[in-house]
């Protein structure tokens, strides 16, 4: 149903932060398209409704396509004022001085500038977009916003319980197979007693209850678990506040079969009460694969 599709059209002044905005919407799970020709939007909207496969869409439409200016203004006005396509218009703005400064820093030319005069292009663009700015559902002034602060502002306005951007990737692994290169935090649990040396547990993994119980019933395991969980509870909010969209925590033992798997499972349950958590066990099948090859 159309009511179930959330469409955000990102527009505004050139240099005001539309690229950062689009990247932020991508992290919120939106399907994003940059600089779509306005003539294609009605057809695209029909395809979206017919397919039913997309529920969150963000489009950047601005005056870079100068040849389509009349279409752009008419389309944005229809969306903002008349509510066509069940869309919301997000308008990004900044002061003339800040926009000039940003253009000087990047050494790019303004799309509406004549003879390279940036301020002239900004003035013309501001005049042309004035009706859209007035009718937009949300205007964000980025003059004093860093990219991270703009990202936070967009999250504040568009993040919902079902589209939470921040999530935790929790991974077990075996040191003998190498460190996970994408991990933000790596914890070595090879100091814990190893179930591998118990014949009845050797061919099981931390996913099996006997191994899980053996690992968790060790006195040092409980003390370590509580301390490590306390550390994560303290530092994870800081990672989120700094603008990370995901945090990868890797827990390693020798082969990635027993200790790391059991602890990753338990931590996943605990952290999952507060954050979206995805648990993977990178090397849990490695021994089975080796046995099959030999």
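Cβ coordinates come from backbone N, Cα and C, glycine included.
Record features (Swiss-Prot):
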BINDING   12, 13, 14, 15, 16, 17, 18, 19  ATP binding site
BINDING   62, 63, 64, 65  GTP binding site
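Positions of Swiss-Prot features highlighted on the structure.
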| residue | record | DSSP class |
| --- | --- | --- |
| 12 | ATP binding site | strand |
| 17 | ATP binding site | coil |
| 62 | GTP binding site | coil |
Are any of 14, 15, 16 (the binding-site residues) within 10 Å of residue 62 (GTP binding site) when you go C-alpha to C-alpha, and if so which?
-> 14
Beyond 12, 13, 14, 15, 16, 17, 18, 19, what residues of that chain have CB atoms within 8 A of the centre of the ATP site's CB atoms?
-> 21, 62, 92, 94, 142
Would you mind reading off the Cα separation of residue 12 (ATP binding site) from residue 63 (GTP binding site), to the nearest angstrom?
-> 9
Residue 18 (ATP binding site) to residue 63 (GTP binding site): how many Å between their Cα atoms?
-> 12
Relative to the Cα of residue 63 (GTP binding site), which of the binding-site residues 13, 14, 16 have a Cα no more than 10 Å away?
-> 13, 14
Tally every other Cβ atom lying within 10 Å of the Cβ atom of residue 62 (GTP binding site).
-> 22
